Amino acid sequence: MEPVPARRWQKVLYERQPFPDNYVDQRFLEELRKNVHARQYRYWAVVFQSGAVVQQLCSVCVFVLTWWYMDAGMLSPQGLFGAALVSSLLGYVLFDAVDGGAGRWESGRTRWADLKSTLVFAAFTYGFSPVLKTLTESISTDTIYAMSALMLLGHLIFFDYGANAAIVSSTLSLNMAIFASVCLASRLPRALHAFVMVTFAMQIFALWPMLQKKLKARTPQCYVGVTVLFALAALAGLATISSVGAVLFASLLLTISCLCPYCLIRLQLLKDNIHGPWDEAEIKEDLSRFLM
């Protein structure tokens, strides 16, 4: 009489088997997979993506420097308004020239509509500039500075750097930056200063990032060059006020653009996510039809 072969364990629940519920055989670890969905990064690609953070830090730095120069009387509102107007016109032309007007054609927006929006914004801002100037007279200057710093910090936190995260909110980020500009503009000498300051804030926090995103998508080499020049301009302006601040800010930019990408690449080597038969089941079929 031949011996009865041992029954082989099967990974099923609908059959009764002579094994305990938590039993697994030697094939259990054969399905082990490591870092299945891990994303491999390249150093210079990460450095390139960090340019968005560098750009926004420099934008905040340039904005604060401009306010400081106006508050100290070293920069006239007429001079700032003229420079902002010229740079806006150049940026407007460059924005259309980068893609040959394809983006404007897809959106269906005309130049006349852009001009009307600009005139309406300028008219309302100029009309309410006396109100903006006296809006925070009952609030102490230290409180204004603290609120402005917190708002600018929030602007940097919630800004859309290209990451798909729940914390990203372009609207909230822009509103916080404009709120900070209104707070700081209320401490300037005249209503004209407040008008120019708020207008400049809209330009550097709303229009400038739009141009940068298009340059990044269409002409990466130009984007890198503009980022480097913008960072050097911010550092040069900061050096006229504080050499120590310029060194610290340069260290911050180098850390974000060079050291942090290196640390990310090194930490990726230590990534060890495991996948196998113990993972929870995932329903990949579209079940939305059952919700109708």
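Cβ coordinates are placed from backbone N, Cα and C, and glycine is handled just like the others.
The feature transmembrane segment is assigned by TrEMBL to 43-69, 75-95, 115-132, 194-211, 223-241, 247-265.
If you look at the transmembrane segment (194-211) against the transmembrane segment (247-265), you find fewer than three C-beta pairs under 8 angstroms, all six or more positions apart, and that falls short of contact.
Residues 75, 80, 152, 155-156, 159, 161-162, 181, 184-185, 188, 197, 200-201, 204-205, 208-209, 212, 216, 220, 223-224, 227, 230-231, 233-234, 237-238, 241, 249, 252-253, 256-258, 260-262, 264-265 of the same chain, all 6+ positions outside the transmembrane segment (43-69), place their C-beta atoms under 8 angstroms from a C-beta of that stretch. Contact between the transmembrane segment (223-241) and the transmembrane segment (247-265) is present: at least three CB pairs lie under 8 Å, with pairs separated by 6 or more positions in sequence.
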